[in-house]
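Enquirer: Just passing along the structure, written as structure tokens.
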Amino acid sequence: MRIILLGAPGAGKGTQAQFIVEKYGIPQISTGDMLRSAVKAGTELGLKAKALMDHGKLVTDELVIALVKERIKQDDCRNGFLLDGFPRTIPQADAMKEAGINVDYVLEFDVPDELIIERIIGRRIHAPSGRVYHIKFNPPVVENKDDVTGEELTVRKDDHEDIVRKRLVEYHQQTAPLVSYYQKEAEADYTKYFGIDGTRKVSEISEELSKILD
């Protein structure tokens, strides 16, 4: 079960990724985490990435694809994986396909921009575990405390309105075209594509995902 989640920042991907990972026992692969661990481990790819980053350059698509290929060979990916934050552009999606990384499901979370802004501004996180809450839509049992540990919740630096609006503009320009790309891939039977109404309750969306993925 190899899954890509698409949708603007704040569309609810993180919450549902957590649900999918727990229910189906597949790892969530974040390109940011992969880069950091490859650099830390001093692997050949990690050293190449570090050299680029040290010179203030962006890590190339080829290098990220190579990291993804290396990561999905690991034992925890034998039943599949969930890709987080990649691909972001059509060239990246093409490169992934050319590298033989096939995807079973593309799930697109659709939410209007104004609701996304409301969602992100109210978001609270438990940094050590990555658990995500919302003061209105998905509140913790005790205000501003993590349900599991009871530790204080925090606000991400990126969760301020001006930054959110900039990220939405970037998403619509860069990543939104992937929706039609994967719809065409699904028509050609290369993958299965599902549009998810992300404005509903967390539990309703999780239920729909279960029906799709079971």
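Cβ atoms are placed via backbone N, Cα and C, with glycine included.
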Enquirer: Can you match one of ARG36, ARG123 to the ATP site that Swiss-Prot gives for GLY10, ALA11, GLY12, LYS13, GLY14, THR15, VAL132, TYR133, ARG200?
Expert: ARG123
Enquirer: Tell me which range among 30-59, 60-89 Swiss-Prot lists as region 'NMP'.
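Expert: Region 'NMP', as annotated by Swiss-Prot, spans 30-59.
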Enquirer: Measuring Cα to Cα, how far is ARG156 (AMP binding site) from GLY10 (ATP binding site) in Å?
Expert: 12
Enquirer: C-alpha of THR31 (AMP binding site) to C-alpha of ARG123 (ATP binding site): distance in Å?
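Expert: About 22 Å separates the two Cα atoms.
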